[in-house]
Amino acid sequence: MKSPRRTTLCFMIIVIYFSQATLNLNLESIVHPLILREHEPAGKELLRQKRAVASSSPAAEEYIVDVEISFENASFLEPIKAYLHSLSFPIQGNSTDQATNILNIEVTTVCRPTGNEIWCSCETGYRWPQEKCLQNLTCQEHDSVPAGHHCGCLKGLPLKGPFCQLQGDVTLRMSVRLNVGFQEDLKNTSSALYRSYKTDLEIAFWKGYSILPGFKLVTVTGFRPGSVVVTYEVKTTTPSPELMHKANEQVMQNLNQTYKMDYSSFQAVTSNETKFTIIPEIIFEGDTVNLVCENEVLSSNVSWHHVERRSDLQNSSRFSVYSTVLNNVTSISSLTIYNITPGDAGEYICKLTLDIFEYESRKKIDVMPIRILATEEMKVTCDNNPVSLNCCSEINVNWSAIEWKQEGKINIPGNPETDLESGCSRYTLRADGTQCPSGSAGTTVVYACEFISSHGARGGKNIEVTFTSVANLTITPDPISVSEGQNFSIKCISDVSNYDEVYWNTSAGIKIYQKFYTTRRSAAGAESVLRVKIATREWNGTYHCIFRYKNSYSVATKDVTVHPLPLEPDIMVDPLEATVPCKGSHHFRCCIEEDEDYKVTFQMDSLSFLAEKEVKGKQVCYKYNFMASSVSRCPKKLDIFCHFTNAANNSVRSSSMKLNLVPGEKIMCRDPTIGVGEPGKVIQKLCQFSNVPSSPGGPTGGIMTYKCVGSHWEVKKNDCISAPINSLLQLAKDLIKSPCQDTKLPTYLKDLSVSTGKVKHEVSSFPGSLGAIINILDLLSTVPTQVNSEMMTNVLSTVNTILSKPMLSTWKVFQQQQTNQSSQLLDSVERFSRALQSEDSTFLSINQTNVQMRSMVIKPGPPKTYKQNFVFSDLDLWGNVAIDKCELGSLQWGSSVVTVAFPTLKTILTQDGQGKNVANSLVMTTTVSHNITLPFRISMTFKNINPSGGVPQCVFWNFNLANYTGGWDSSGCYVNRVDGDSVSCICDHLTSFSILMSPDSPYPGSLLEILLDIISYIGLCFSILSLAACLVVEAVVWKSVTKNRTSYMRHICIVNIATSLLVADIWFIVAAAIHDHFYPLNETACVAATFFIHFFYLSVFFWMLTLGLMLFYRLVFILHDTSKSIQKTIAFSLGYGCPLVISVITVGATQPQEVYTRKNACWLNWEDTKALLAFVIPALIIVVVNMTITVVVISKILRPSIGDKPSKQEKSSLFQISKSIGVLTPLLGLTWGFGLATVFQGSNAVFHIIFTLLNAFQGLFILLFGCLWDQKVQEALLKKFSLSRWSSQHSKSTSLGSSTPVFSMSSPISRRFNNLFGKTGTYNVSTPEATSSSLENTSSAYSLLN
């Protein structure tokens, strides 16, 4: 039989004492075995020497002794602990050798049964050594620690020591209060009081805390008020609260009582290692976050604090706090934050409180949103090709899941592929035409990828996918078979309107030049039409209509068959004109530069004859021998044509060959090549069929003109073109019909430049060759939309050759013939200049002997002044052109400003219409690639090569003059300064008073402009004087004419009308003075002038409205009587308040964008913001309202209702007002009627003149009609100046109820009419109306005329 089980409890105590002594405890009855071990000195970690405090004796050695005590009854443990705690240290003992003091006795390790196991745990401040934790099992999982760390509890007592050891050093931040008054010297560390307190306290602290295990150091760190709070630090191992209380008692005992230390005020904050963990480490918005504090100090008194919010955290819907002591070994406290937000980020403090100890740990957490990387917009074509949507997290964490969702009108699901480790997910779509039919083209579906973290956070990204159906193209179904010279078109229709690009190309992949096709979009789809007006053999082939959407292409194909057939200009006929004797014959021929199978017939009247074919090299001629005897009568004139018919049975007819049948006796000139003719006969012959020597380079082009003089033919005009140039001309004609002319143009321009340089000697002897080159440039200049620097260099190289000095004699032939080749050349160069794009360079310069070019590209940023200089030293000519940066600031980014200078063009351009003036300087042409707003000011300086030759005149080349052949025009240009041989010119478009309503003002210097200026200035002077006189008259007669309320308000209105108009006219003059040729001298002053002109002109109209409304009120609302103050308040609010509101709103809405005023005048902007409507609309509405009021009032006066008759004096005033309104308002309406007429461009000059007259003399009209024609005013003036006889006569006429008009009629109806409209107070309003600037391409060639 087994013996009963014995329960053993053992614990170890550590005894610290001085010297060596035997521990003698009165515990014989309970001690089982007693094991006494002496440890090694401090050099081996347990034995250490401590310095003595409060004693002058030599330092004693300190020993630490481990004692193991075992009990069979666990109940003995607590009494022993209580006994040890009750001991008062140090315990002094006597020895024969030396004194032995026991400093402290601490329980370190307790082993007790737990179930079937024995657990050995460490007391507070002690831990098992590292090697024991590695060799033995720990008690529970929460106590398991990584390798290299200490533990607090082991299963079973280790066979070999050591037992639990002191933990590492900690620093206790402590404080205690002294109940004495605080003195400021305690803040001064160098004061005697501070040093005294510090010394006394540190001695007491040393004596008291030396009993702590592992005690090393105590230091006073400072004092603070309340009463005196001492702060100090103790460096030791973690003590138990009981031992700390004993140490504090020792401090109290060792400190002088005068310090009055308060025992209850001891506080300690330890820096021990509290295990603070945060799960998860990376926190996303929406996560559930756990903050856990673990401490070996056993206490459940734990608090949590959020530093940023300065608040303690308690249990709530979002926060959960749980604290516990686990297995009497570890204190654990957790803070759970649900659905964490960025506001929860910051520093958190976990604070455990045990007695006087506070164990604090801090950690900061960051909360970040879930950031997903993905393309936010995608375009997908429903072509059944896979398309992937990709989402990746910016921070890779252990995601729980990645989900995909979609929302939209159509449902197109996909297959997700997710890699949680990489934090990426791919969603593959495969959309076909059945899922997104044509009706859903352009439909957007939102796909959302949502990332879900392991702790509950969710974050997503939306990807907008626009699904577009593959375009189904329908192309012209009929087969296209045409012959050369005919037209055709191909229509390509798409059922989808959403596309990125539409273009056509050939089967070889060459894009068709965009000018041949047009594309338009509609709600049902889109269509593109390829139109070819003149088909050539190059158009023969297969053409593709291509609709591109992203990387998806919809293609429709069409075959075009072009049958060979010569074009009419390519059929060379001989002769152009022939004379044949009545009994003679003549050979007619038609030649082409190809050998095709054509059926060729000659047609004469209704007769048709087959031609005979003859091949000479590459040239094929068809002949017919005409017999004059086949014609019934002679003389006779006939037209002969040759017809070419191809295999498609399409035909073309050549130009006419004129045949003159004459009697044989009249023929005097005979030549086998030229033919026969009578004296004086002039005929033309193609140069290749004439006596001009043939060239190996091909057929000679052009026409030779002969005249029969005497008995032989003489050359009258030679327009032959050399063979190389003729070949280039034919190639140019073919190029402009080519489907890919833009790609061929650069190569052709290079060939033209090279060929022209090689044959320049032939060109100088053949006027026709020179004319051909000009025609070539003219043809080619219509092709490009963009010209690069290399192309422009080749163009100017060709121009340089044909403008060289050897060519000038050939140009004189053109001048004699009065052709427009020079103007044509200049126009071609300007077209090339407008298309110039200087790639990436801002400035481009090209220099040739006879032409120079400079260009500048407008780049983003502050504009720069455009200033270019041109010097031709060989010809002693120079010039420069400048455009101010404020002008360039209005141009679009990317615009090119190009100036080309010609030194020899001055002698080539034709003279003006009278032939009196010729250019006498450099010719410069400046172009801008984009539309500009006129006026566009350009300043130029020329060297005048003939300073004494006459008065210089600045001109530009106007292509519209002389029936569009061009000529010099001085409109808009003027001489700014003449300095020796230097002449400075400025070209723009000036204006006059009629600019107020007119977008196209008269040209400066013109008769109309001068006339309008004279009218404006004279009229304004009269108006200002008249308005001032009106105000003086009103001041003189005021008391006499304002006796009743109606008259008072009427004259209030008249005075304010006159004042407003007077101030407006003055500001109008100021605005004119601060503007110099469309450029304000002061921008701020211009804005101010515009504001006041707008305000005071509006005030004129609103005071006129006030006058009309007051009249309407006095006649319609007779029984209603409003006080004078109320009427004045309403009048001034309407007269000045409304204009002020309108003016302020207008300037406030437009001036921040600097579009309040115009670029060319100090007046409201029109072209950019339509700010002018803020003046025109109120003015015209008021005119209409006043006209309506006038009709109503006059009807009311003429037919008064019963009971409506006002007093006699009131009626007289009302009649006077109605007369004023009746004349004044129609005058205003008439003024603005003519003003509106000038708005339309090209309006008749009569409207400008009438508008200027009516506006300029408004002040005079107000003085006459609104003031002096008033009978009461006349009487008051007469009375004022004591003209009694005149006064009595006027009084008598007044008593009759109406005055005699100046131009009276005896008829009562006439008298009534005169009473209403004859003598009436009127005024007119002048308003600077806005000029609507036209948009056009600026390109002008400027020069000087003498």
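Using N, Cα and C of the backbone, Cβ positions are placed for all residues, glycine too.
The region 'Disordered' annotation in TrEMBL falls on one of the ranges 127-146, 1307-1326, 1327-1346, namely 1327-1346. Mapped onto DSSP helix, strand and coil, the domain 'Ig-like' (274-366) counts 3 helix, 55 strand, 35 coil. In terms of C-beta pairs under 8 Å, the stretch of 1014-1041, 1095-1117, 1129-1151, 1171-1198 lying closest in packing to the transmembrane segment (1053-1075) is 1095-1117. Among the recorded stretches 1014-1041, 1129-1151, 1171-1198, the one sharing the largest number of Cβ pairs closer than 8 Å with the transmembrane segment (1095-1117) is 1171-1198. Within the model, the domain 'G-protein coupled receptors family 2 profile 2' (1012-1270) shows a mean pLDDT value of 75, rounded to a whole number.
Residues in the domain 'SEA' (166-273) partition by DSSP class (helix H, G, I; strand E, B; coil) as 42 helix, 33 strand, 33 coil.
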